[in-house]
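In what follows, a structure is listed as structure tokens, so that the remarks can point back to it.
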């Protein structure tokens, strides 16, 4: 595990964006050999997407030979709905960069056969070999993608019933009306995420502190699905100060010393 303890949400966003760009540019992708990037939705990655757009506009990176796979999508919510994850990704990222439409992959929650759609998605990922970098967030209860507490840690892409906590958390996007939030979603599995070459999880805000503690100091536990990433060879956790509040002081000190002088290297403090 590589743990990056930063101070502010903006630092987390800039660090993450620069890491993604470094990975893409070092890979030197081509049409025949694209860089495969996994992406999340939600509030946490928004500023990272804004920073990626800024750096793209500054000529620091091209997404022309990048293939993306999103983590999840609601079931039975039209793609054109403003709160669908299709809408989120296009409005907040894809419409502002040079990615090719055919290289964008998002689960279709409006098919007649959800199981077939999930199998298709897994096969599409396998057709590229692997996802080189999967960025994600983490829920207050430690869920990753829509792998809610007690999900199988070897799970693959499938349909999931959302917990009441998740429905309440996501109701802020639906006029704070829990009844408007879809009850089901298609999501990559924990096993799908573990197959990625590198996983980078972003955590900001004090409400994520218990999940961060479970990921860093806790034991592997299906009630905190983020803890499964302790088994990953290249797991990167990037947090602001508020999200570190439940960690032991010596834990933060240990990882800070490992990173050395982080400031001025992988992120810009703006």
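Glycine is no exception: its Cβ is also placed from the backbone N, Cα and C atoms.
Feature annotations, reproduced from Swiss-Prot:
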type     : residues : note
ACT_SITE : 72       : active site, proton acceptor
ACT_SITE : 141      : active site, for ring-opening step
ACT_SITE : 143      : active site, proton acceptor
ACT_SITE : 148      : active site, for ring-opening step
SITE     : 151      : site 'Part of the allosteric site'
SITE     : 158      : site 'Part of the allosteric site'
SITE     : 160      : site 'Part of the allosteric site'
SITE     : 161      : site 'Part of the allosteric site'
SITE     : 254      : site 'Part of the allosteric site'
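The Cβ of 141 has fewer other Cβ atoms within 10 Å than any other of the active-site residues 72, 141, 148. The recorded sites considered are 151, 161; of these, 161 has the fewest other C-beta atoms within 10 angstroms of its C-beta. DSSP assigns residue 143 (active site, proton acceptor) to coil in the three-state reduction, outside any helix or strand. Ranking the recorded positions 143, 158, 160, 254 by the number of CB atoms within 10 A of their own CB puts 143 at the top. Put simply, 143 is the one of the active-site residues 72, 141, 143 whose Cα lies nearest to the Cα of residue 151 (site 'Part of the allosteric site'). Residue 161 (site 'Part of the allosteric site') has 148 as its nearest neighbour among the active-site residues 72, 141, 143, 148, going by CA to CA distance.
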